[in-house]
Amino acid sequence: MARAKFERNKPHVNIGTIGHVDHGKTTLTAAITMTLAALGQAAARKYDEIDAAPEEKARGITINTAHVEYETTQRHYAHVDCPGHADYVKNMITGAAQMDGAILVVAATDGAMPQTKEHILLAKQVGVPSIVVFLNKVDQLDDEELLELVELELRELLTSYDFDGDNIPIIRGSGLMALEAMTGNPKTQRGDNEWVDKIYELMDAVDSYIPTPERDVDKPFLMAVEDVFSITGRGTVATGRIERGKVKINDTVEVVGIRETRTTTVTGIEMFKKSLDEGMAGDNAGLLLRGLKKEDIERGMVLAKPGSITPHTEFEGEVYVLTEKEGGRKTPFFAGYRPQFYVRTTDVTGTIKSFTADDGSNAEMVMPGDRIKMNVELINPIAIEQGMRFAIREGGRTIGAGVVSKIVK
């Protein structure tokens, strides 16, 4: 059967299932696809298809992630589900699967477990803006008081990590019961089965509670410089991929990073050897810049809307350190370690001044496979912002991946 083409006339949102191992994330993901497939708005995916998540590489790290897509009447969704806990950590820190919101799956029979907390913390640290809770396996629990207790505990937990615990929607249901109903009759519609209805209820909550993200083109202009050359008689051209926003001829832009910030005017925009009036997010473009010499600008600088991004040398980061098997270090490192930090298009040397274990407790050294918070000082200022991803490299190979959690100076 030919796959129907998804129409792009609905807003697009990226979400994912998070939560403790065996609480039912993958089963719920399968139930959502099968439920919405009955409306012709998804390709039904079985548990095994999702569970056998393919490997992909992000920033030099291998991660297993399953991607499914579906739509509700309101929106088009891309949904990620990871088989293993380590895959979540890597996925969220590398930003391989950017999430605009998450469905936190919690088994009512267990309540919040260690990875439930860890995933909420991770979501907070890497900037997942909103969470909707699916209280799963309620078919195995007919104690209303106990369910209310679990909900209360979850709301308090979410609040303690700065999410809006009081107002987050918590939907009760059973991914397995919904999946069985849909498997038994793939044409089951809303109103036919109480468990399937819970899936619709969950998707209504996701539709209404998780805000539509601002599109990249609507954000302030930013392009990381990849290459620079001069065109005789015309001036200096900086090339790169426009990360966000738009740029038009005669726009004023700032050149940020490595040296003092300078202002220049865009006098020409080229793409594939053709001139354009405007470049936008996703374009690989060359920008002709007024009054700059080739030596004034270098790879690793960014061109940005004035005032939208500033250069910094010191930041705190949330980091995953690769294991030896993943191509990382074989030995631990200590405070004072000086690797390269690869940000956008360039490596900058920096010193890891201090670090703590992820829960804030002291750590003497960092072992391959650890997740830590670190304080970094770079030798040159570069354009940095909260939520930005970076890789840590040594001799050209990636030994860690991180996200900026706070700018220090």
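Using the three backbone atoms N, Cα and C, a Cβ is placed for every residue, glycine included.
Per Swiss-Prot, the features are as follows:
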BINDING   19-26, 81-85, 136-139  GTP binding site
BINDING   T26  Mg(2+) binding site
DOMAIN    10-214  domain 'tr-type G'
REGION    19-26  region 'G1'
REGION    60-64  region 'G2'
REGION    81-84  region 'G3'
REGION    136-139  region 'G4'
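Overlay of Swiss-Prot annotations on the structure.
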{"residue": "G19", "record": "GTP binding site", "CB count, 10 Å": "26"}
{"residue": "D22", "record": "GTP binding site", "CB count, 10 Å": "12"}
{"residue": "K25", "record": "GTP binding site", "CB count, 10 Å": "26"}
{"residue": "T26", "record": "Mg(2+) binding site", "CB count, 10 Å": "23"}
{"residue": "C82", "record": "GTP binding site", "CB count, 10 Å": "24"}
{"residue": "H85", "record": "GTP binding site", "CB count, 10 Å": "14"}
{"residue": "V138", "record": "GTP binding site", "CB count, 10 Å": "21"}
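Residues in the region 'G4' (136-139) partition by DSSP class (helix H, G, I; strand E, B; coil) as 2 helix, 1 strand, 1 coil. Among the binding-site residues listed (G19, C82, H85, V138), C82 has its Cα nearest to the Cα of the residue listed as 'Mg(2+) binding site'. In the three-state DSSP assignment, the secondary structure recorded for G19 (GTP binding site) is strand. According to DSSP, C82 (GTP binding site) sits in a coil region rather than a helix or strand. Counting residues of the region 'G2' (60-64) by DSSP class, helix then strand then coil, yields 0 helix, 4 strand, 1 coil.
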